[in-house]
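Colleague: Have a look at this one.
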Amino acid sequence: MDQLEMKKMAAQAALQFVQPDSIVGVGSGSTVNCFIEALGAMRDQIKGAVAASKASEELLRKQGIEVFSANDVSSLDIYVDGADEINPQKMMIKGGGAALTREKIVASLTKNFICIVDSSKQVDVLGSTFPLPVEVIPMARSQVARKLVALGGSPEWRQGVVTDNGNVILDVHNFPIMNPPEMEKELNNVAGVVTNGIFALNAANTVIVGTPEGAKIIK
């Protein structure tokens, strides 16, 4: 079974958590794209969705699902998103698609964060296989990069990429994260950092892993 099939399996399994007449929060990325396609079959059973990226908004509209702004809702029943890495404590690295800030905003609207991944995304230590994305205000790029080097990382400017918020991304390589909640807070306190891709302070509540043996739900 290939990676795409495992992503589709996890996405399909997430539909069981969608409540009738609810507004669903959705993140961004390839696994979320699979979820949005699956959610299209339930378009008449839900009120709509709040999306964490412009790309996800477009896909939702193509499925005939009404899109709401995060400013239109006070809370969301569930938020469904993928991850670039996830550890056994359900903490994640996200931001490979450069939507990390909006993902954190939409995720903060729910108490039920459902992370859908294929089995290749599971790691023991965050930062083991995937660089940590950090969204930075453009004028602070070099200054923030120096701070990341001082913390032991190897930042690389993701050239040609501008976030939906008009900012740039630094990808921090060689940066194993032993204490994700503390590192998330420390990086967010650096002047010029909008946010970083560690999702530890608001970790997932439920993880659905697509495996060759089927979808595995971890609560």
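Along the chain as shown, the residues are counted starting at 1.
In case you wondered, yes, glycine gets a Cβ from its N, Cα and C as well.
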Colleague: According to Swiss-Prot, Ser28, Gly29, Ser30, Thr31, Asp81, Gly82, Ala83, Asp84, Lys94, Gly95, Gly96, Gly97 bind substrate; which of Lys54, Lys121, Lys147, Lys185 is also listed for that site?
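Modeller: Looking at Lys54, Lys121, Lys147, Lys185, the one Swiss-Prot places in the substrate site next to Ser28, Gly29, Ser30, Thr31, Asp81, Gly82, Ala83, Asp84, Lys94, Gly95, Gly96, Gly97 is Lys121.
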Colleague: Only counting partners 6 or more residues apart, tell me which same-chain residues put their Cβ under 8 Å from the Cβ of Ser30 (substrate binding site).
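Modeller: For Ser30 (substrate binding site), the qualifying residues are Leu4, Lys7, Gly82.
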Colleague: Can you give me the Cα-Cα distance between Ala83 (substrate binding site) and Glu103 (active site, proton acceptor) in Å, rounded to a whole number?
Modeller: 11
Colleague: If you count, for each of the binding-site residues Lys94, Lys121, the other Cβ atoms lying within 10 Å of its Cβ, which residue has the minimum?
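Modeller: The binding-site residues Lys94, Lys121 were compared, and Lys121 has the fewest Cβ atoms within 10 Å.
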Colleague: Output, ordered by sequence, the same-chain residues six or more apart from Ser28 (substrate binding site) with a CB under 8 Å from its CB, or 'none'.
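Modeller: Sequence-distant Cβ neighbours: Ala51, Ala52, Ser53, Ala55, Ser56, Asp81, Gly82, Gly97, Ala99, Arg102, Glu103.
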Colleague: Excluding Ser28, Gly29, Ser30, Thr31, Asp81, Gly82, Ala83, Asp84, Lys94, Gly95, Gly96, Gly97, Lys121, which residues of the same chain place their Cβ within 8 Å of the centroid of the Cβ atoms of the recorded substrate site?
Modeller: Gly27, Val32
